[in-house]
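> Next up is a structure, given as structure tokens.
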């Protein structure tokens, strides 16, 4: 995709016409009115013209973009995070529509090279969009959590306690999982996931769900203080397979719950 973008920019810059950086109020002539040597004119494509005339507007847009990308996390602001997710969800259909429209317009003027680039971009965008939906549905099938449709979510931590399943989106698969209990509140990866917990409610295993499999982490060590309901428990990888992460409330044993298939 980056290669296609670079090629498109190179073609736009080398095949452009003569543009004016400063225009008069009546037409498209240069500001000093000369046709040959105008210091306010340059020979470049549409891309350079846009940068020269809209550089301040683009800088404001990019500042907003940087702010959303850098601080679009739940621990900073849920509002900014929601804007970031909305942008990421809308990018696929917008880019797909733009590439299809550009392919049609290039075909109309018999610019078949750019038409080919536009078709290739549309195909790549559509394939990536379908892959996103496939992976999200696979992850939702395992966790029944709407975090599965977060474009940034590659894995979901699932903790079953008190007959409920608590989930936390992750960017990758951790080597080990640490659950921290502070005054009855359960934390994972620095986020509060449950309240009203005691040391007896800590699970014997936790799971990390991926689109292709579920990894089981077994409890290997803990240090708890019963009087203040404070402490920690550490889990390491023990097995992986097609396991469900849903909390079970029937009378199955721990091993039967673990082997419950999706």
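Just so it is clear, glycine is given a Cβ too, placed from its N, Cα and C backbone atoms.
Pulled the feature table from Swiss-Prot, pasting it below:
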- 237-252: region 'Interaction with N protein' (REGION)
- 18-47: topological domain 'Virion surface' (TOPO_DOM)
- 69-77: topological domain 'Intravirion' (TOPO_DOM)
- 99-112: topological domain 'Virion surface' (TOPO_DOM)
- 134-262: topological domain 'Intravirion' (TOPO_DOM)
- 48-68: transmembrane segment (TRANSMEM)
- 78-98: transmembrane segment (TRANSMEM)
- 113-133: transmembrane segment (TRANSMEM)
> For the topological domain 'Virion surface' (99-112), jot down how many residues DSSP puts in helix, in strand and in coil.
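With helix first, then strand, then coil, the topological domain 'Virion surface' (99-112) has 11 helix, 0 strand, 3 coil.
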> Looking at the topological domain 'Intravirion' (69-77) alone, can you tell me the average pLDDT?
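Looking only at the topological domain 'Intravirion' (69-77), pLDDT averages out to 76.
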> Against which stretches of its own chain does the topological domain 'Virion surface' (99-112) lie, if we need a Cβ under 8 Å and a gap of at least six residues from its ends?
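Tertiary neighbours of the topological domain 'Virion surface' (99-112) are 118-119, 121-122, 125.
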> Who are the long-range neighbours of the topological domain 'Intravirion' (69-77) in its own chain, taking Cβ under 8 Å and residues 6 or more past its ends?
83-85, 190-191
